[in-house]
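Heads up: the structure comes next, in structure tokens.
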Amino acid sequence: MGKGILSLQQEMPLEYIGKSYQEVLKIRQESYWKRMRSFSLFEVIMHWTASLNQHTCRSYRGSFLALEKIGLLSLDMNLQEFSLLNHNLILDAIKKIPSSKASWTEGTKQVRAASYISLTRFLNRMTQGIVSIAQPSKQENSRTFFKTREIVKTNAMNRLQTASFLKELKKINPRDWLIAQTMLQGGKRSSEVLSLEIDQICFQQATISFSQLKNRQTEKRIIITYPQKFMHALREYIGPRRGLVFVTSSGKMVGLRQIARTFSQAGLQASIPFKITPHVLRATAVTEYKRLGCSDSDIMKVTGHTTAKMVFAYDKSSREDNASKKMALI
């Protein structure tokens, strides 16, 4: 499938060198136009999203299936038909979907719109501009994108809840208990911990080195220091093995669904009033580091956030607990 779609970008034969620019341009556009009829929107989306990271791939594919379900798009149409659509109108329609037709939150609508824009950008490049790029509205009263909340929706545990959660998790699965502690101390995403290799650990210095890849290009190395008690437990768990740190009984990488299940179960057993997901641990780490008085720049060195604004979004401590509560200026 991939090679077929890449055939959209065939080079022009040398026999056209003697022709004028306008003639060659017309021939090239016609050639692209004819080939576009051979590809369905569905196969293009499947090819394109396969090149994205797992989370984005799943999100984008879900978006297009949802758009087809409510009748805004047909995945069976070919690229010629898709290129003739008014993409800006479709963006506007996504934002104006009534709740009677689809119970989408504003955040969901913006994800659907972003998916659509990304697709048109990809196809604009693949078709040498025949498919136009959908343009988001920037008018004050009808913006396609705007901030829906100041902080992330994810809950964070307090110290007592964290201790209770870890206690229950250890009873359920000691390996997942180690995974949770690795995530908490470093404010790490589940993917960063589940893919961790043993050679990234330095037991002598009690550190673990994490690599974050931004936009699949810029690599950022983050070193997290762990308590000796934890490192001892981790060393005992690993034993003489090599390769991945956390593995299943068959030696494979632990899946996200596995820890999502045990984390949720431990949260229930600890009587925590909200569902514990892997992402809750990241929000908990930021909130706890802030409570302990760490600066945003120090927290960024731990979590890998690129701006203080992102740290603020994850900080779930009370907004009343600020400088005005600690000192009086009048």
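Don't overthink the numbers, they just go from 1 along the chain as shown.
Yeah, the Cβs are placed from backbone N, Cα and C, and that goes for glycine too.
Taken from Swiss-Prot, the feature domain 'Core-binding (CB)' applies to 39-124. Annotation comment: Swiss-Prot describes 152-327 as domain 'Tyr recombinase'. Taken from Swiss-Prot, the feature active site covers ARG189, LYS214, HIS279, ARG282, HIS305. Annotated active site, O-(3'-phospho-DNA)-tyrosine intermediate per Swiss-Prot: TYR314, in sequence order, evidence recorded as sequence analysis.
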Original post:
Counting by DSSP, what is the helix, strand and coil composition of the domain 'Core-binding (CB)' (39-124)?
Top reply: 58 helix, 2 strand, 26 coil
**OP:** Quick one: of ARG189, ARG282, which of the active-site residues has the smallest count of other CB atoms within 10 A?
**Re:** ARG189
**OP:** Express the distance between the Cα positions of ARG282 (active site) and ARG189 (active site) as a whole number of Å.
**Re:** 7
**OP:** Would you kindly give the Cα-Cα distance separating ARG189 (active site) and HIS279 (active site), rounded to the nearest Å?
**Re:** 7
**OP:** Would you report the average pLDDT that the model assigns to the domain 'Core-binding (CB)' (39-124)?
**Re:** 93
